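What follows is a short report on a single structure.
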Amino acid sequence: MTSPPLPPKTTLYGSPPSAAATYSNPSIAPSQRTTSKLLQKWDSVTWAQVAVTLSVLQGIIISCLEFYVIAKVNDFLDDAFTEKLSLPIVNVYFALFIVALVFQAVLTYEATIHKNTMQTIAVVVFNIASLGYSVIQINQINDLRRCSEQWIKYWNDYARASGPEDATRIYYSTYVPENSECRARPYGLNPKSSNTTQVWSDAQKEPIEVPIVYDMRDQVQHVQNALDALKPVDSVTYAIIALMVIVVVLSCFVAYKVYQEYGWRIFQAQGASIQKKQMLRRVHLFILFLKLNVYFSIGIVAQVVTATIYFQKSSAPDCQRDTVDCFRRSERVKYIVLPSMVIFGVAALTYYALGWFAIRRTHRGAMYTFLGVYLANIGALVYVIGFFSQNEETQATRKWLLSFASIQLVLNLLTIANAVWCLTDFDKGLGDVVITRKDMEMAAAKPRPRLELD
């Protein structure tokens, strides 16, 4: 047995004089009494409440800024491109960033209810990862810019000095590069034009008929205006990075304070037993893994479904040349891609519910069922990594999809190991250790020691 820890200072600045001491002395000025009241209210604020407030403000403010980014990027795509193809897939990443902001706020709030110290640390790590993405999204927006800037550059440097047919060949050979992330048609190209010429297609391995590109100065100016309208996004994205840096620094400090506060509450409820403390930590870690798995499952499903939809739209013109291949892709989407994603999403919700019930009730049958469903989900995840890494439908989001799938695969393995470890604790009194919400609320409602002046 270890010696009991000292109770932390859960108040922010110590205890102010009591109300009795303040008002029993008539010589105290009214302004001092008002200040004393404010100090008493401030003294009642816990670090857990500060953490929740910080997370909620972070979610609201940065989400509003991110919605602005999404709106401006959509306007740019509509103005700068006739055929966007897979370019709008970037909006899925922006949306997942917003979901991450909401997710961290939910994690923080739940951590205050269940006094989950592991979840408190996870929120800090999650914020650091979100900070990393806030930097990456600048590069994603710049990639969209480069698609238009590349076309303007080639047109200004080469196409104007050439005849219409040469300009058309330059246009098609330079603007549709091997990089699939930039495969789109700029504003002003009318594919239904009756005036056509032949250009060599690397994809078709033969000459193809394409519309002749004539004077595109008006179209170039239109695309340039769209680029200029996108410039305000830069300041907003840098503001998001600055806010995320501030949030990460503050969350590290607040998390340290909250960790101490939760540790004291858990000691009040569980005592000084090291074994109980370790079992409770494994329970908290198990629940945290479940929540993180749900988030990454949502990310995988969103990316696969969205990429598939955009691919189907972009490949519609090819169906006129190769109906058999088009039918094959359509059937694959209908009977393989979408059903597998539905099953994958339902499995994520199922194992979350089973795992939560099993650990809260220390129910062996539910835990064994959870392990079975979870192993099946791991198999589905391996299938996702293998199938979609080579599949043309998800080519536009391949890097991020594989990143999400790899992270979740690691989380799955950690969750399985932790679940088996928790299962061995069922015979060691885990049912008495698991703290319900009511127990923690009763512990949190206990009066804290205060300095009273008589």
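Each position is counted from 1, following the chain as shown.
Heads up, the Cβ atoms here are built off N, Cα and C, so glycines get one too.
Taken from TrEMBL, the feature transmembrane segment covers 47-70 (among others).
As annotated by TrEMBL, transmembrane segment applies to 90-109 (among others). Non-local neighbours of the transmembrane segment (90-109) in the same chain are 51-52, 54-56, 58-59, 62-63, 66-67, 69-70, 73-74, 119-120, 122-123, 126-127, 129-130, 133-134, 137, 140-141, 144, 288, 291, 295, 298-299, 302-303, 306-307, 397, 400; each lies 6+ residues outside the stretch with a CB under 8 Å from one of its CB atoms.
The transmembrane segment feature in TrEMBL is assigned to 121-138 (among others).
If you look up TrEMBL, you'll see 236-256 (among others) marked as transmembrane segment.
Listed as Cβ neighbours of the transmembrane segment (285-311) (distance under 8 Å, sequence separation of 6 or more from its ends, same chain) are residues 85-86, 88-89, 92, 95-96, 99-100, 103, 107, 114, 116, 118-119, 122, 333, 337-338, 341, 344-345, 348-349, 351-352, 355-356, 359, 384, 388, 392-397, 400-401, 404-405, 407-408, 411-412, 414-415, 418-419, 422. Annotation comment: TrEMBL describes 285-311 (among others) as transmembrane segment.
Residues or ranges marked as transmembrane segment by TrEMBL: 335-354 (among others).
As annotated by TrEMBL, transmembrane segment applies to 366-388 (among others).
Annotated transmembrane segment per TrEMBL: 400-421 (among others), in sequence order.
Here the transmembrane segment (121-138) has long-range neighbours at 51, 55, 58, 69, 93-94, 97, 100-101, 103-104, 107-108, 111, 234, 237-238, 240-241, 244-245, 247-248, 251-252, 255, 259, 288, 292, meaning same-chain residues at least 6 beyond its ends whose C-beta is under 8 angstroms from one of its own.
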